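A short worksheet on the structure shown next.
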């Protein structure tokens, strides 16, 4: 009996910290089991790019997903924060899949909208204040080739607050945010990554050795 328990423990030890059953993740996200297997191969590549511990550290995350991976950027930091659901400074496989699923084409817009609201709510107060909006607009511009002056960014923020803050309390609440998104659906454009609909085609080399079937 003891030998059996040891054998079972050794078998379970093959999975790194944070690993979750693909079938469970498939039941909670738009991804299929095979797609999650493909994402696991991608996750392994990312999580060993700098520190080989089966977890994605911020440096690895920024290097893989942002063109200015070596630079500090509030937007990049916020995305990492949102992926790090346990708030322990690293991204585990389950967190990676669940957070990435927000960007899936089949994920409802209200979920994408809620994710983006939290992204902009820097202090977690349930509101987006003008200074938070200004910081995030500047950070988003940092990921593009578009350069705007401080005055231009402030003008964008002032105009947005004027149009969105309907109850005139000086901040944007969740209902006001929903109305903004409803009137301007293009706001969520970057919240959808089309290739996630066909992960196994986007990353064909990752699934050659997969033995999992849906």
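The first residue you see is number 1, and the count goes up from there.
Placed from the backbone N, Cα and C atoms, the Cβ positions cover glycine too.
Swiss-Prot lists 165, 167, 169, 171, 176 with the feature Ca(2+) binding site. Residues or ranges marked as domain 'EF-hand 1' in Swiss-Prot (evidence: a curator's inference): 35-70. Summarising the annotation, Swiss-Prot assigns domain 'EF-hand 2' to 71-106. Residues or ranges marked as domain 'EF-hand 3' by Swiss-Prot: 108-143. Sequence annotations record features per position, and here Swiss-Prot assigns domain 'EF-hand 4' to 152-187 based on sequence analysis. Annotated phosphoserine per Swiss-Prot: 205, in sequence order.
Feature map: annotations from Swiss-Prot on the structure.
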| residue | record | Cβ within 10 Å |
| --- | --- | --- |
| 165 | Ca(2+) binding site | 17 |
| 167 | Ca(2+) binding site | 10 |
| 169 | Ca(2+) binding site | 10 |
| 171 | Ca(2+) binding site | 19 |
| 176 | Ca(2+) binding site | 20 |
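Residues of the same chain lying 6 or more positions beyond the ends of the domain 'EF-hand 1' (35-70) and with a Cβ under 8 Å from any Cβ of it are 16-19, 22, 25-26, 29, 76-77, 79-80, 83, 89-93, 96-97, 100, 142-143, 199-200, 203, 206-207, 210, 212. Packing against the domain 'EF-hand 4' (152-187) from elsewhere in the chain are residues 109-110, 113-114, 116-117, 126-130, 133-134, 137-138, 141: each is 6 or more residues past its ends and has a CB under 8 Å from a CB in it. Residue 165 (Ca(2+) binding site) falls outside any helix or strand according to DSSP and counts as coil.
Mapped onto three states, the DSSP output places residue 171 (Ca(2+) binding site) in coil. Mapped onto DSSP classes, the domain 'EF-hand 1' (35-70) shows 21 helix, 2 strand, 13 coil.
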